[in-house]
Amino acid sequence: MPGLPYPRILVKVSGEALMGSEPFGLHPPTVARIARELVAARELGCEVAVVVGGGNILRGARVAGEDLDRSTADHMGMLATVMNCLALEAAVEAAGQPARTMSAIPMPTVCEPYARQPAQRHLRRGRVVLLAGGTGNPYFTTDTGAVLRAAELDCDAVLKATNVDGVYTADPKTDPTATRYERITHDQALAYDLKVMDAAAFALAREASLPIIVFSIRDPGAIVAAAQGEGRVTVVSP
């Protein structure tokens, strides 16, 4: 695929991004908009994998407590990601692009179990591959799962969709002096304890020499722009 800086991408979408203006769950017009952007990236020539979080339904680390152990809570969160992936799969197919949901937690009556080689075949055949269930293990975030799947699937970059247009020196919502990085290394992201992704995700990306492109999902066309190496982004790279 000549001319594309990232021929095979993994897009990480938070569960909260699917809420739109809703306080909980899914906002169908927002899901449809994100699906159209994924289809546009595919039409550009990129092979597209997607990891979706589950925070719009349940976040395991938040609900774990005295009466609910962390492992059980995390597995509940993984199931939430399956629901989100199925919704996004339907929206991608409604936008005219074949899609497949694959889950790290086997549930064959609902979707395919995740395995590396079948996932790569789906990508080569032009399908948008939605990766549900996180890593399949508790105590790992979907950000870490996204970097893991990107490394496994030989992706050229992780496109991390957030609510802000890149990585800042501090939270721009609370600190008016915060400035945005254009570029930063994995080592710097770890040393500065930046919260846009967890440390395990940055460390794994460093080990795999995998760039992470951070951008705002709220900006129309941002996924396609980031896939082309354009737009208002922060690049986290070796």
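Heads up, the Cβ atoms here are built off N, Cα and C, so glycines get one too.
Taken from Swiss-Prot, the feature ATP binding site covers K12, V13, S14, G15, G55, R59, T162, N163, Y168, D171, and the record attributes it to sequence analysis. For Y168 (ATP binding site), the count of additional Cβ atoms within 10 Å of its Cβ stands at 20 [all protein chains shown]. Following the DSSP three-state reduction, the secondary structure of Y168 (ATP binding site) is strand.
The UMP binding site annotation in Swiss-Prot covers G54, D74, T135, G136, N137, P138, Y139, F140, T141, T142. Every protein chain shown contributes to the tally, and the Cβ of G54 (UMP binding site) ends up with 27 other Cβ atoms within 10 Å.
On a Cα basis, K12 (ATP binding site) lies 12 Å away from G54 (UMP binding site). Sparsest Cβ environment among the binding-site residues S14, Y139 (other Cβ atoms counted within 10 Å): Y139.
Comparing the binding-site residues K12, G55, N137, T162 on other C-beta atoms within 10 angstroms of each C-beta gives the minimum for N137.
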